[in-house]
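Data block below; observations after.
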Amino acid sequence: MGTVPAGSRRAPGCGEGMFILCLALLLAPGAPAQYSVDDFGGLGRMFDGIGAISGGGATSRLLVNYPEPQRTEILDYLFKPNFGASLHIFKVEIGGDAQTTDGTEPSHMHYPDDQNYFRGYEWWLMKEAKKRNPAIKLIGLPWAFPGWIGYGKNWPYDFPDVTAYYVVSWIIGAKQYHNLDIDYIGIWNERAYDIKYIKVLRHTLDRLGLTNVGIIAADGDWGIAHDVLIDPYLNEAVQVIGAHYPGTHAAQDAIQTGKTLWASEDYSTYNDEVGGGCWARILNQNYVNGNMTSTISWNMVASYYEQLPFGLEGLMTAKEPWSGNYVVSTPIWITAHTTQFTQPGWYYLRTVGHLDKGGSYVALTDRLGNLTVIIETMSHNNSICIRPPLPEYNVSAQNATFYLQGSFQNLQELQVWYSNLDINNTKPVTFKKLTPVKVQNGSFTLQLGVNEVYTVTTLLTGQKGSFPDPPKSKPFPLKYKDDFSVRNPPFSEAPYFADQSGVFEYFTNTSDPGDHVFTFRQVLTQRPITWASDANQAISVIGNYQWSNITVTCDIYIETVETGGVFVAARVDQGGSPTDRAKGIFFWVFADGTYKVTGDLIGEIVLCKGLAGVRARSWHTLTLHVDGTNASGLLNGSPLWKEVVTGGPLHGWAAIGTSSFEFTQFDNFMIEAKDPE
């Protein structure tokens, strides 16, 4: 008996004499379309796994400050096999000291003679991922670079050996200090690639014995594929061609290379049922339409202040460490439909494709007799991703019969997992185990509604993991203080502060044996090679974006003589990539003895100014009080200015920062806010 091509409407066993009868039966109302699941004619491409990204930037910033057991629970939902998302791949930002969407992530080398492999939280996250799944693949990708790499230019490629040394040092540090083996490394996220640099990077990796580290290029569009086709040395250097938000289609040049193709960043959509529908559709159709064998979500967990760009666009949400509340969102369970029933190294079958009345199906095997089929019927309006635009199409309810052939023809029963994401449902169904389906005469039939996901599999290992409900959501505390007195901090950043320009770190002030031994310090002294339009000022935000009436107090220590400057702020209305456009109330003092009150971060909207008598290298206390339309400021407990009309945003975060990239210390930070409700 011949095989039935995917989407064929001819049933097995229809000989020439019975063709008219068979055709009539197939075209009868409600007759199921028929699809083959067959490995007899060979297999498709090898499956590389489903993954997610931390970074690009600071998307996991608040996660590290969660209390236990909630922090462990969140990590289990993300990484634990056969429990939640069960991710196969984990991609992190190689911090470059610059704003990369929702904040800055610190570099392991702020300066040429500086190496510190404990900054930030990506090392910790990679270890937590490996702890739960030792087989998870790890990827590092720079979004930005410390300024010294560019030798004064906003460009990382003029000295490719220097950039390669910097990136490879991160890989070596991961192994030396954390016993982490990095599997893949990228070039420069969504920015220009440089062919010479890619070759130098490959040579450097090989020379240092890192031949197993693959290069992914170029984390933008498919443009590098043309260069790979015409340059045999580049072709040899690149292991994976990765594109972002490909709309489920790969360029012909990319397919022609014969290389592994990935959607190396995708999704980036609000994590409700529509976001889940987006994720379900592209997880299947990135392979069906584009031969992409891995899809990686930006971002993994929305663990940053919601009012920053792309709020709630993670697979799940964990944005309230002060309350312990988190939300296991729909995309977690859509991920599980694939990840819990496949592994990297499985193979797609050639018999994959689109369903007759809309939707798609893929089938994968471990070549040891196991089979997993994932089916999605996402409608257009229930699966719109943030980008690119989605052309209109129709999906309707349908019956589908799947014929198991080749090595699967003797299967008798398959496990079934089901989700219904229809936005009109008051209670969507996610990842529900149904009664196993019996295979009769080598086939099984499903009644497929619209906006449904089915996983049909030989594997018995699926689980919808759960924990007791987390604590209820509550806003940031109205009173909060931090004296930064942590002798051995587990992380380099103080809780809840979200750096938006510059890098703020715990600091031990050995020159001050008194009250300011342990402080919080802005440590960048040079503008980084940026990914966004970074501010020239450093700023870290904290608190509740809805705060309006507030008092912010902080001890400050300017280290730069004559030109140094520092601020405390309230009602800061912008973070992320547009931080340089932030408005609010900013109270500045400078090492030249002056002060200034501005309505913006860049200092163009001057509300008042005068003499303060502040000098560098001594501690002072700044207090900013904002109430209604008026603001006032105190220096060392005495009024310096008062009743300045604000005229700017009505609410926003509290913040601290510096007038340039310069060393400055902060201590005894305190907030007292009135309930915005």
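From the backbone N, Cα and C atoms, a Cβ is placed for every residue, glycine too.
Swiss-Prot lists 1-33 with the feature signal peptide, giving sequence analysis as the kind of evidence. The substrate binding site annotation in Swiss-Prot covers Thr101, Trp143, Asn189, Arg387. The active site, proton donor/acceptor annotation in Swiss-Prot covers Glu190. If you look up Swiss-Prot, you'll see Glu265 marked as active site, nucleophile, on the strength of similarity to another entry. Here Swiss-Prot flags Cys278-Cys385 as disulfide bond, drawing on similarity to another entry. Summarising the annotation, Swiss-Prot assigns N-linked glycosylation site to Asn291, Asn370, Asn381, Asn394, Asn399, Asn424, Asn441, Asn509, Asn549, Asn630 and lists sequence analysis as the type of evidence.
Positions of Swiss-Prot features highlighted on the structure.
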residue: Thr101; record: substrate binding site; Cβ contacts under 8 Å, 6 or more apart: Gly56, Gly57, Ala58, Thr59, Trp143, Pro309, Phe310, Ala532, Gly576, Ser577
residue: Asn189; record: substrate binding site; Cβ contacts under 8 Å, 6 or more apart: Gly56, Glu93, Thr100, Leu141, Pro142, Trp143, Asp219, Gly220, Glu265, Trp531
residue: Cys278; record: disulfide bond; Cβ contacts under 8 Å, 6 or more apart: Tyr267, Thr269, Met378, Ser383, Ile384, Cys385, Ile386
residue: Asn291; record: N-linked glycosylation site; Cβ contacts under 8 Å, 6 or more apart: Arg45, Ala250, Ile255, Leu261
residue: Asn370; record: N-linked glycosylation site; Cβ contacts under 8 Å, 6 or more apart: Thr457, Thr458, Leu459
residue: Arg387; record: substrate binding site; Cβ contacts under 8 Å, 6 or more apart: Tyr245, Gly247, Ser268
residue: Asn424; record: N-linked glycosylation site; Cβ contacts under 8 Å, 6 or more apart: none
residue: Asn630; record: N-linked glycosylation site; Cβ contacts under 8 Å, 6 or more apart: Lys642, Glu643, Val644, Val645, Thr646
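Least packed by the Cβ count within 10 Å, out of the glycosylation sites Asn381, Asn394, Asn399, Asn509, is Asn394. Residues Thr101, Trp143, Asn189, Arg387 are listed as the substrate binders, and the farthest two of them sit 20 Å apart at their Cα atoms. Here the active-site residues are Glu190, Glu265, and the one whose Cβ sees the fewest other Cβ atoms within 10 Å is Glu190. Each residue contributes its Cα atom, and for Asn441 (N-linked glycosylation site) and the residue listed as 'active site, proton donor/acceptor' these two points are 51 Å apart.
Around Asn549 (N-linked glycosylation site), the C-beta neighbours below 8 angstroms that are at least 6 residues distant in the chain are Val626, Asp627, Gly628, Ala673, Lys674.
When the alpha carbons of Asn381 (N-linked glycosylation site) and Asn509 (N-linked glycosylation site) are compared, the span between them is 56 angstrom.
Asn509 (N-linked glycosylation site) sits 39 Å from the residue listed as 'active site, proton donor/acceptor', counting Cα to Cα. Around Cys385 (disulfide bond), taking its Cβ as the centre, 21 other Cβ atoms fall within 10 Å, counting all chains. Just so you know, the Cβ of Asn441 (N-linked glycosylation site) picks up 9 other Cβ atoms within 10 Å once every protein chain is counted. Across the fold, the C-alpha of Glu190 (active site, proton donor/acceptor) and the C-alpha of Asn394 (N-linked glycosylation site) stand 32 Å from each other. Following the DSSP three-state reduction, the secondary structure of Glu265 (active site, nucleophile) is strand.
Its Cβ taken as reference, Trp143 (substrate binding site) is surrounded by 27 other Cβ atoms within 10 Å in the chains shown.
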